[in-house]
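The annotation cyanocob(III)alamin binding site is assigned in TrEMBL to 49, 50, 51, 52, 53, 93, 142, 187, 302, 303, 304, 312, 334. The disulfide bond feature in TrEMBL is assigned to 62-104.
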C-alpha cells in the first residue's frame, strides 16, 4: 500500500491552501490503504508498510478533518502500549509521528471524550520517551529524527518547561546543511518557524498570503584535487560467517560524496563490488551490497558508520568523507 506517499501528498495539498478541495477519492483511497496496510499484521505482526506510515496516514486524514474508525486508532494505541513502536526501523520517527496523529485527533475533537483522554496521555508518554533518548549533543535519535521530536515537544508543551527543546533546537540550527532534499527540508522548516504538522489542520487559508516564490539554487562549488577513502563492508552473524567482506582504498575527487565513493569502487572492481540503491523522498537509500539485501521483513538494514564506530547523520548522497577517512557499511538489525 502507498500509505505514506499518499498521506504526504494530502498533507501537502492541505498546506498549500488549494482553491478547490482535494478530490474526495484521494481521502477514500487513503482510508482503503490504511485497512489494506493492516492486513500485514496478521502475518508479520506489524503493518505491511510500517507504523510510521500508518501514523502518517491517520495524521493526514485528521488534517483534512476526516474521522478515523476507533479500531484504526486503537491499533496504534495498542502498539505504543506494547512497546512495538520502539522496535521499528526508526523508533524516534515512528513514536513522534504516532504522537502527532494522537494529538491531532484529540485537538480536532474527532474522537469521543474517553478516547481523547487516552490519546492525550499517550502523546505525553511519547514526549517523555523522546526526551529520555536525547543525547548529550542535543540530537534525538539522529539529526533527521530530531525535527520530529521537536514537533512533539512543541505540541505537548515541553518547549516551555524542559531544556531538551532548547538543546535540540541549537543542534538543529548548527546542522542545517544536512537537510538538502525536499523531504528533509519539509521536516525541519515547520520547527524553525515555530510550527508543526499539526498546524496544517488548523490553517485559515483565507488569511494565507501567496508568498511562495521559486529560488535559484546554486550548485555546490567543486573542490579541486583528490582524496582516498577506505571502504569497508561488514556482515556479522547470523547473516555471514566472515565479518569483514570488503576492505579497499578508493580514490575519488575531493568533493565526492559517499555515493560517489560506492560508484568509484564499483567502477574499479565491477565483478567484486556491486551495490543497489532505492530512490526515496529523503534521497537514495542503500538496499544491497555485495549481493546482501537489507529487507524490512528481515528487520535489517545497511548501517553507515565512520571508523571506529560512529553512525553517520546523513545519507549516502549527502555525506562527504574526509581524505583518509574509513567508512563502514555494516548489515545491522533493528
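Each residue, glycine too, has its Cβ placed from N, Cα and C.
Mapped onto this structure are the features recorded in TrEMBL.
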{"residue": "53", "record": "cyanocob(III)alamin binding site", "contacts (Cβ under 8 Å, 6+ apart)": "3, 4, 7, 37, 47"}
{"residue": "62", "record": "disulfide bond", "contacts (Cβ under 8 Å, 6+ apart)": "68, 101, 104, 105, 108, 110, 201"}
{"residue": "142", "record": "cyanocob(III)alamin binding site", "contacts (Cβ under 8 Å, 6+ apart)": "90, 92, 311, 313"}
{"residue": "302", "record": "cyanocob(III)alamin binding site", "contacts (Cβ under 8 Å, 6+ apart)": "286, 287, 289, 294, 329, 330, 331, 332"}
{"residue": "304", "record": "cyanocob(III)alamin binding site", "contacts (Cβ under 8 Å, 6+ apart)": "258, 286, 311, 312, 315, 316, 319, 327, 328, 329"}
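Residue 49 (cyanocob(III)alamin binding site) counts 22 other C-beta atoms within 10 Å of its own C-beta, drawing on all protein chains shown. Neighbour density for residue 104 (disulfide bond): within 10 A of its CB lie 27 other CB atoms from the protein chains shown.
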